[in-house]
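> Pasting a structure below so you can have a look.
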There are 2 protein chains.
Amino acid sequence: METNIQQVEKDFLQYVGKIRSYGEAIGVMYWDLRTGAPKKGVEQRSEVIGVLSSETFAMSTSDEMAGYIAQLSTPEAHTYISEVTKKAVEECKKEYDLNKKIPADEYREYVILTSKAEAAWEEAKEKADFSMFQPYLEKIVEFNRRFVEYWGYEGNKYNTLLDLYEPGVTVEVVDRVFGQVRDRIVPLVQQIMSSTHKPDTSFLHRHFPKDKQREFSLAILQELGYDFEAGRLDETVHPFATGLNPGDVRVTTRYDEKDFRTAIFGTIHECGHAVYEQNISKELVGTNLCDGTSMGIHESQSLFFEKFIGKNYSFWKRNYDVLKQYAPGQFDDVALDDFYRGVNESKPSLIRIEADELTYPLHIMIRYEIEKGLINGDIEVKDLPQVWNDKYEEYLGVRPSHDGEGVLQDVHWSGGSFGYFPSYALGYMYAAQFKAAMLKDLPQFDELLAEGKFSVIREWLTENIHQYGKMKKPLEILHDVTGEGLNAQYLIDYLEEKYSRVYQLV
Amino acid sequence: METNIQQVEKDFLQYVGKIRSYGEAIGVMYWDLRTGAPKKGVEQRSEVIGVLSSETFAMSTSDEMAGYIAQLSTPEAHTYISEVTKKAVEECKKEYDLNKKIPADEYREYVILTSKAEAAWEEAKEKADFSMFQPYLEKIVEFNRRFVEYWGYEGNKYNTLLDLYEPGVTVEVVDRVFGQVRDRIVPLVQQIMSSTHKPDTSFLHRHFPKDKQREFSLAILQELGYDFEAGRLDETVHPFATGLNPGDVRVTTRYDEKDFRTAIFGTIHECGHAVYEQNISKELVGTNLCDGTSMGIHESQSLFFEKFIGKNYSFWKRNYDVLKQYAPGQFDDVALDDFYRGVNESKPSLIRIEADELTYPLHIMIRYEIEKGLINGDIEVKDLPQVWNDKYEEYLGVRPSHDGEGVLQDVHWSGGSFGYFPSYALGYMYAAQFKAAMLKDLPQFDELLAEGKFSVIREWLTENIHQYGKMKKPLEILHDVTGEGLNAQYLIDYLEEKYSRVYQLV
């Protein structure tokens, strides 16, 4: 028995390694497409990606895979195989079940629908005409309602979709924490709106040459422990980080010469994602566990870097002078305090991806409530523009003048990604909660930043979070690190304290 | 019958398309590895390339492939299927037969040997110690002698290896043309050596900033009809061009601030390779015919660009002023005539890849004679240093002082690429022969270059050569374009005329 199971384990890991290899090849091609691949080659390249993706899908739903899962999931097998293999089998089983429960014909139809829907969404957004996108979205919602039935659900139907992106997190949890955040942030936003101590932000829009922004971005990546022997920085239109393997985790950024924040804070954000993947344990390389454990935990790392480091006063105490070296003369008349207050401006706005850290969670809550309503049949697609605009008015005090800056602004729904949005806000909460736990171990957090000893912080994150990859589920990591479940209070406290300071509230 | 065969044809083309897709994915990863992939990711990336390569090999030697070949090679099938399919089947059959005739165990052993041999060669070259590489090379030669037996041969054993790279070309042909070239070039080189009108070459080594060289390289690529919507220029250590598909054919170059020729003529060379692949008929995309037809024809295009365009007086009549814009002041004291003579300097040297166009074929002939001797058992590996040095003295009048600048200089043999070298020299001859044919259609060739009307020349090449991809064999193209077989006279005439002019021989 032992020998047999160990052979099956070996074969299984090799099979998983093969699937992973295809994924890495696809990852390189996506990175390439988004960082300068010549446009005339795109059609054929998409074909190539399609071929490899189909193979990957076929392998992960094959009879061979079913065999491995069956043989390696028994209690007896569990006594022989490694912890890594056990977790790897679990991941494979989850994916296998999801893919197998949807009838193949229906899935194919859905893939075609979503690829057409994205093009329709793009045009609808450009023309600010929701009616062009509505029929597609209706079908996509219909499919997702049906998928939930196929997959099954416990409690709220939306739980099943949440679980795709944030395993273990439920509507009950999200309702609770979002409610707490909303109850405290909405009044805080209103206080700030009526504050008479608004930061001066005019300096943010002074001309900052692209090549100098790039040099400063590289310097900051270095400062934050990004390993350039295991990555590179490139330019793109919609910035992202991509972990091909822990030895090759690339970041991208976009340069706006009229607003340096785009590149600088964008780079710091992607750096957080990248440092996570660069520090996953080598033991997991080539397995399906060599990844961030969830969307939310991934986002907790990028937001920790962007907000808790990049928007931190002590960080700039050290790095403001460095910035000035790359922008000669440009900030000479801006004191550090004014710089800090300027980059931390908060203002209710219509567009999520341009929102500041205080109002951002409110954008997410609106989407969450809408998605939950759609999946449970409490909201219908045709009513979305009205519902959307009303919620923006209620939560943020602003109302879109057209659907292009309203309900059509995000790509997610055109691809059927329901359940994804909450992870952005959960990431914030995780980040704040990690920060509080970190302060117990590293009470000198601010001094470390001011002294350029970021490596101590990075090592804490690696020790507690990064190294595990998918070996621990998100709520498991959260509990192991902080000793409790999801607790919104840390984020609320952080935001109240910080924005009271920035806006000099009493 | 018809319907059945047509279904088989469709399935076959899809299968070939799949193999091709894997090849393209591998191509993107190789390009990436050579243009800036972070070093810590290389090991895992090599693993990924290995996985996809094995799959490709498995598909091209599978029973499914054997079935397609059998069904589509009958005279009856030929009445139904397209010309493209017929040629595609031929290519598959050739590859299938080659791979199937070698026992799998032996092939595996050979792959491992050559990968170890490359590392051994690198070290041996660095230490200039042939004895470190000798045992590997002995085994590699042994394997190749055996492969020739497995594959079979007609006439000379070396024919089988020549045919791998230059289908249809035999020892008989190569002996004849190389003999003719040698008989005329060796004395010409001696004449030049004793000429008293040597060009001044000191200006070649003036400092030329890298970014300016890059800008000029981009301008020249544009001038030569390289399509930037179907390609890009990047920096690398060992420059190459890679055709991923005709809509994505990339070139790379290397910048030497103390010798601008490296980047400029290197870029023009790779441009010739790239323009070939950018202009292969769209009809062949996704098939195994969407490639240059042979090493030699490919090299004919790069050498046509590098030598017949890039080292042409009329080309510089137009572009010398352009060059000066990117190198302010640098060439002010160098007249066009002196620039032309300087970049066309010829001098016998020890290193092939640094050789000028006149002496280059002699480097190739030496390698050809050695390979032929090794495969036929007339030369033994242990005697190589002696044989090599004697031949250099005989043909070029120079003798290596150690094996690092002698027999160990090229990587080819460590990978077992016997039969490859002759294509470099054949490429020269093809290029000269094409040029002569072109002059009949475009007698105003030099004026076209001087007036910047290169598109006329490029279109002639596309019309006569590029578009066919692998639809025509090398000697078939040569015959269709020039009306005759391989004729060394064109190259000889060109070199004699040109170098008499450069060195003002009487």
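Cβ atoms here come from the backbone N, Cα and C positions, even for glycine.
Quick paste of what TrEMBL says about this protein:
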type     : residues               : note
ACT_SITE : B:E270                 : active site, proton donor/acceptor
BINDING  : B:H269, B:H273, B:E299 : Zn(2+) binding site
> Give me the non-local Cβ neighbours of B:H269 (Zn(2+) binding site): same chain, 6+ apart in sequence, Cβ-Cβ under 8 Å, ordered along the sequence.
B:P239, B:S302, B:L303, B:F305, B:E306, B:G310
> I need the neighbours of the Zn(2+) site defined by B:H269, B:H273, B:E299. Which other residues of that chain put their C-beta within 8 angstroms of the C-beta centroid, in sequence order?
B:A241, B:E270, B:G272, B:H298, B:Q301, B:S302, B:L303, B:F305, B:E306, B:G427
> I want to check the contact list for B:H273 (Zn(2+) binding site): same chain, sequence separation of six or more, C-beta distance under 8 angstroms. What comes out?
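The answer is B:A241, B:G243, B:V251, B:G292, B:H298, B:Q301, B:S302.
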> Which number gives the other C-beta atoms within 10 angstroms of the C-beta of B:E270 (active site, proton donor/acceptor), all protein chains shown included?
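Step by step: centre on the Cβ of B:E270 (active site, proton donor/acceptor), count other Cβ atoms within 10 Å, giving 26.
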> Within its own chain, what residues at least 6 apart in sequence put their Cβ under 8 Å from the Cβ of B:E299 (Zn(2+) binding site), listed in sequence order?
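For B:E299 (Zn(2+) binding site), the qualifying residues are B:S423, B:Y424, B:L426, B:G427, B:Y428, B:Y430, B:A431.
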